[in-house]
C-alpha cells in the first residue's frame, strides 16, 4: 500500500494473477520424469463465495459452462469448514504414458476468468492440481492467485506434512514455475479434494 | 476490463483527510505558539520530546498492548483453527501473517497492534471466541487485519503527537504554577500574564481540540476497516452479526414479531436523537447503526446481479 492509501485508510482488494497457470502441463511432465509423480487429471479452484444473488448466478453459469462439451469433466462444488468453496473438475483418469493436462488447465482458467469478469476476482484463493506417486504418496501443486506463485502440499497423515517431498518438488520445478520462496506462505489445505 | 464490486468511499476518504490535515495544522500551530512565547531554543526541543514519546508508544505498541490486555501469543498447535483462518485471510489479502494472541477475559473484544504489518499481532479474547461462530469470527479477524494493512497504529500515533505535547505542557505548566512565578523576570516581566498560565490555557485548548479530532479520526478508521474487512471476506453480513453480538446493542433491532409486541407499541417512539451528542463526539467507534448501514451498502454492491 502506498502512502496515500495508508493516509486515507483504503486498501484495495488484490486482484488475482492468472497467467502462470498455463505452465502447469509442462511442469507436470517434468514432475513425472524426475520424481515419478503423475497427475490424477483432476483439479480444483478454491474461492470465497460472495453473499448475494450476483454470485449465485455467476457460479451456476460457471458450472454449466465448464461441464459443457464431449469430454467435459464432472463439476462439483463443496464448502469447507473455513467457508471457502472448492469447485472440483473431475476428469477421467489420464493415460499414465501420456498425461495431458491442457484441457484441465483450460477448464480451470475458464473458472478463473468467469469469476474475474463478474468482479469476483479478489475472492480467488488458490487452485490445486493433485499428483500421485507410484508409492501412493500424494502431492498437490497449489497455485496462489494473489502472489502468482506455486507451492507443493504433501499431506502425510492427519495434520502432518511430508516436507522433504515438498522441497524436492519445489527444487524440481524451480526453473519452470514461479515457486513461492516464502515458506510461511506454504499454508496447509487439509482435506482438500483430490489429495 | 472487469468492473469492480469493491468501490471505495470517496466521502469517507475526504473527511478523513480533512481531519488529518486539521490535526497536522494543530501540531504546527502549537509549535508556532511555543516559539512565540518561549525563548526560541526551547520550542523545537519540546516538540522533539513530544515526537519521541509518540515514537516510543508506536515502537513498543505490540508488547505494551499485549501486556495491558494480559494476552499471550498462541502457537499454531494451540489454536489451529484461528491460525488457519488467519492464514487464508492473509493469502487472500496478500499480506504477511501477523502473530496471533489470546487474552483470557470474558469481555468480547479483539484488537490489532504493532509497529508495522511485519511486526503486528492480532489478539482475540476468549469471550469473543465463545460468543461468535466461525463466520463471524472471520469477519472480526478481517476487520483487525485491515487495521494492520492500513497501519492504523502508526497513523493514530502520529496524529496524536500534538495531543501528547499538549498534555506534557499541561503538566509542566502546573509544576510552573507550584514552583511559583518566581521566574517571571526571565519571561515577559511583570506587566503581562505569567507564562505558565498562557501555556496552560493554550495546551488545554490544543489538548481538547486534538482529543475531539482524534476520536473523529478513529471512527473514520473503524469504518474503513469495516469496509475493507467485509470486502475481504465478501460476507458483510457475518461482520454485521458479529458487531451486533459484540456491542451488546442487539436489542436496538427487535427480533420479536411485530404482532406479538402490539401491547408495547405505544412506547415505541424511536429515540430519534440523531444530532451530535457528547457521546457521539467522544466515542472511539462509530455507532452500530452507522456501521450496519455501511455494511448493508457493501452487501448490495457485492450482490448486484451478474451481467
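Each Cβ is built from the backbone N, Cα and C atoms, and glycine gets one as well.
Annotated in TrEMBL:
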- B:144: active site (ACT_SITE)
- B:143, B:147, B:222: Zn(2+) binding site (BINDING)
- B:78-297: domain 'Peptidase M48' (DOMAIN)
- B:12-36: transmembrane segment (TRANSMEM)
- B:42-59: transmembrane segment (TRANSMEM)
- B:153-173: transmembrane segment (TRANSMEM)
- B:193-217: transmembrane segment (TRANSMEM)
### Which of B:12-36, B:42-59, B:153-173 contacts the transmembrane segment (B:193-217) most, counting Cβ pairs under 8 Å
B:153-173
### Additional residues around Zn(2+), ordered along the sequence, whose Cβ is within 8 Å of the centroid of B:143, B:147, B:222
B:112, B:144, B:146, B:152, B:221, B:224, B:225, B:226, B:229
### Message
Going by a 10 angstroms cut-off between Cβ atoms, which of the recorded positions B:144, B:222 has the sparsest surroundings?
### Response
B:222
### Query
When you scan the chain for residues with a C-beta under 8 Å from the transmembrane segment (B:12-36), skipping those not six or more beyond its ends, what do you find?
42-44, 46-47, 155, 159, 161-162, 165-166, 169, 202-203, 206, 209-210, 213-214, 216-217, 220-221, 223-224, 227
## Note on the structure
Under 8 Å Cβ-Cβ from the transmembrane segment (B:153-173), and at least six residues away from its ends along the same chain, one finds 20, 23, 26-27, 30, 34, 46-47, 49-51, 53-55, 57-58, 61, 112-116, 120, 147, 196-197, 199-200, 202-204, 206-207, 210-211, 213-214, 217-218, 221
## Note on the structure
If you count the other CB atoms within 10 A of the CB of residue B:143 (Zn(2+) binding site), including all protein chains displayed, you should get 25
### Task
Give me the mean pLDDT over the domain 'Peptidase M48' (B:78-297), rounded to a whole number.
78
